[in-house]
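K.L.:
Just dropping this structure here.
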């Protein structure tokens, strides 16, 4: 294990991260909201930490293998999440405990969107901008992590793809080097962000809010600059714009890359994961619209459809924006939408959850077993697109599902043990392990009422969800540390 080379990389990341404090610092200057000191302090502290880690090891160029890759990925999120908590700790408004500061930082960086803050409308603009920025940078990291790095390590939904499928693979990357891949992906990411911000601005959203919500929309994060979330703007047009960009961001970025490379829009519909993703969204929209209309929750059919469309896409893509309190909806719908987050977005997207591709393969395997009951001697292969998948891939899906279920059950029991009621414990684990954000019960609006121990468990869940479980679990195996 090349610890010095790993330390050099982590130090460099912290130095780069310190530079991002300049942006909220400028916002503090523009709005004169008094929050600039917190970001100035964080800049110098982060720069010092990064320099201490990087300078003594700056000439270490040891060849990094997959084991080092796992450790670097985990350290990337844990170290930056910890440094990201500093502005919340240094800031006088909001006055957060250390636990809440870490919760807010990790929630932002992992694009979970769960919050302990109340009174967002009265917070300094710089703090509000910083929360949105955390999610946006987290989303940039997720795209490269999901599409370029984890497949090389043999982890993540993208490893399920093979040569004829769009997107980078272990044996067929978009670009020969991660740096090249990252540049292409980030270009797409930035273009989508600019397009989203302009669309929201033209729809009547103030410039500050438009930029902030474009950050959290493209990152599928869910943080807002207002307590009422997107409902603050009370605009069906804004609801529709955000929902459309959430759907775009919930797609595999490999498909966006294919379109950017000159291929036709048909590349999307040829992808079985994309077809299932859209199918799930449409089915949920129809169900929600019919139930809301039957119960006369809204005055008109158009309002009902708009609210159903927005809320379904927001929850099912794991963004977690709200336009209305879904607690006043028939209980069936909030629970259905919470469970839809288990499916989440496509592999290679900023969405959370199990990922559509895994759910698709689980269904295909279930269907195969039913056929085998009728024809025990028949040989059935499972295909993705036009290619039969090897059993090793299918075993990996079941392995991931088992590990995910184990983490889910252990987390829920641990939170119940801290004194949280069972329904709220279930909802909080669903919201954090799937990187969704809002839950039900005592965490329907925010997580401020959760006890400190439960919050640390939920922080761990955010990391498990964002790092696709195995990336974090492998560090706890003796084999990983054995030379």
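If you go along the chain as it appears here, the first residue is 1 and each next one adds 1.
Cβ atoms here come from the backbone N, Cα and C positions, even for glycine.
Dumping what Swiss-Prot says about this protein:
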{"type": "TRANSMEM", "residues": "3-29", "note": "transmembrane segment"}
{"type": "TRANSMEM", "residues": "36-57", "note": "transmembrane segment"}
{"type": "TOPO_DOM", "residues": "58-65", "note": "topological domain 'Cytoplasmic'"}
{"type": "TRANSMEM", "residues": "66-90", "note": "transmembrane segment"}
{"type": "INTRAMEM", "residues": "98-109", "note": "intramembrane segment"}
{"type": "INTRAMEM", "residues": "110-115", "note": "intramembrane segment"}
{"type": "BINDING", "residues": "111, 112, 220, 221, 318, 319, 435, 436", "note": "K(+) binding site"}
{"type": "TRANSMEM", "residues": "125-150", "note": "transmembrane segment"}
{"type": "TOPO_DOM", "residues": "151-177", "note": "topological domain 'Cytoplasmic'"}
{"type": "TRANSMEM", "residues": "178-202", "note": "transmembrane segment"}
{"type": "INTRAMEM", "residues": "207-218", "note": "intramembrane segment"}
{"type": "INTRAMEM", "residues": "219-224", "note": "intramembrane segment"}
{"type": "INTRAMEM", "residues": "235-250", "note": "intramembrane segment"}
{"type": "TRANSMEM", "residues": "274-294", "note": "transmembrane segment"}
{"type": "INTRAMEM", "residues": "301-316", "note": "intramembrane segment"}
{"type": "INTRAMEM", "residues": "317-322", "note": "intramembrane segment"}
{"type": "REGION", "residues": "317-322", "note": "region 'Selectivity filter part 3'"}
{"type": "INTRAMEM", "residues": "331-342", "note": "intramembrane segment"}
{"type": "INTRAMEM", "residues": "343-355", "note": "intramembrane segment"}
{"type": "TRANSMEM", "residues": "390-417", "note": "transmembrane segment"}
{"type": "INTRAMEM", "residues": "422-432", "note": "intramembrane segment"}
{"type": "INTRAMEM", "residues": "433-439", "note": "intramembrane segment"}
{"type": "REGION", "residues": "434-439", "note": "region 'Selectivity filter part 4'"}
{"type": "INTRAMEM", "residues": "452-463", "note": "intramembrane segment"}
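How about a rundown of where these features are and what they're close to?
P.N.:
Within the same chain, residues 35-36, 39-40, 42-44, 46-47, 49-55, 57-58, 60-62, 64, 68, 71-72, 75-76, 79-80, 83-84, 87, 124-127, 129-130, 133, 137 sit at least 6 positions outside the transmembrane segment (3-29) and bring their C-beta atoms closer than 8 Å to a C-beta of that stretch.
Among residues of the same chain six or more beyond the transmembrane segment (36-57), those with a C-beta under 8 A of the stretch's C-beta atoms are 4-5, 7-8, 10-19, 21-22, 24-25, 28-29, 83, 86-88, 90-92, 126-127, 130.
Distant neighbours of the intramembrane segment (98-109): 77, 80-82, 84-86, 88-89, 115-117, 131, 134-135, 137-138, 141, 221, 223, 437, 447-448, 452, 455-456, 458-459, 462-463; these residues of the same chain sit at least 6 beyond its ends, with a Cβ under 8 Å from one of its Cβ atoms.
Of all Cβ atoms in the protein chains displayed, 33 besides its own lie within 10 Å of the Cβ of residue 435 (K(+) binding site).
Sequence-distant neighbours of the transmembrane segment (178-202) (same chain, 6+ residues past either end, Cβ-Cβ under 8 Å): 136, 139-140, 143-144, 147-149, 152, 168, 209-211, 213-215, 217-218, 238, 241-242, 245, 248-249, 253, 256-257, 260.
Here the intramembrane segment (207-218) has long-range neighbours at 111, 113, 125, 128-129, 132-133, 135-136, 139, 189, 192-194, 196-198, 200-201, 224-226, 230, 233, 242, 245-246, 249, 319, 321, 350, meaning same-chain residues at least 6 beyond its ends whose C-beta is under 8 angstroms from one of its own.
Sequence-remote contacts of a segment are chain residues at least 6 beyond its ends whose Cβ falls under 8 Å from one of its Cβ atoms, and for the intramembrane segment (235-250) they are 192, 195-196, 199-200, 203-205, 213-214, 217-220, 256, 277-278, 281, 302-303, 306-307, 309-310, 313-314, 317, 319, 321, 323, 345-346, 349-351.
Remote same-chain residues near the intramembrane segment (317-322) are listed as 112-114, 216-217, 220-222, 224, 228-231, 242, 246-247, 249-250, 310-311, 341, 344-345, 351-353, 431, 434-438 (criterion: CB distance under 8 Å, separation of at least six residues from the stretch ends).
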K.L.:
By a simple count, how many Cβ atoms lie within 10 Å of the Cβ of residue 221 (K(+) binding site), its own Cβ left out?
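P.N.:
Its Cβ shell of radius 10 Å holds 34 other Cβ atoms.
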K.L.:
Taking a Cβ cut-off under 8 Å, which residues six or more beyond the ends of the intramembrane segment (219-224) line up next to it in the same chain?
P.N.:
107-108, 111-113, 115, 120, 131-132, 134-136, 138-140, 142, 212-213, 230, 232, 246, 249-250, 314, 317-321, 345, 349-352, 436-438
K.L.:
So what's near the intramembrane segment (433-439) in sequence-distant terms, Cβ-Cβ under 8 Å and 6+ beyond its ends?
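P.N.:
Cβ under 8 Å, 6 or more out: 107, 110-115, 221-222, 315, 318-320, 322, 338, 341-342, 344, 351-354, 404, 407-408, 411, 424, 427, 445, 461-462, 464-466.
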K.L.:
Under 8 Å between C-beta atoms and at least six apart in sequence, can you list the same-chain neighbours of residue 220 (K(+) binding site), or say none if there are none?
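P.N.:
In sequence order, the residues whose Cβ lies under 8 Å from that of residue 220 (K(+) binding site) (at least 6 apart) are 111, 139, 246, 249, 250, 317, 318, 319, 345, 349, 350, 351, 352.
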K.L.:
Excluding 111, 112, 220, 221, 318, 319, 435, 436, please set out which residues of the same chain place their CB within 8 Å of the center of the CB atoms of the K(+) site, keeping sequence order.
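P.N.:
Apart from the listed residues, the neighbours are 110, 113, 219, 222, 317, 320, 350, 351, 352, 434, 437.
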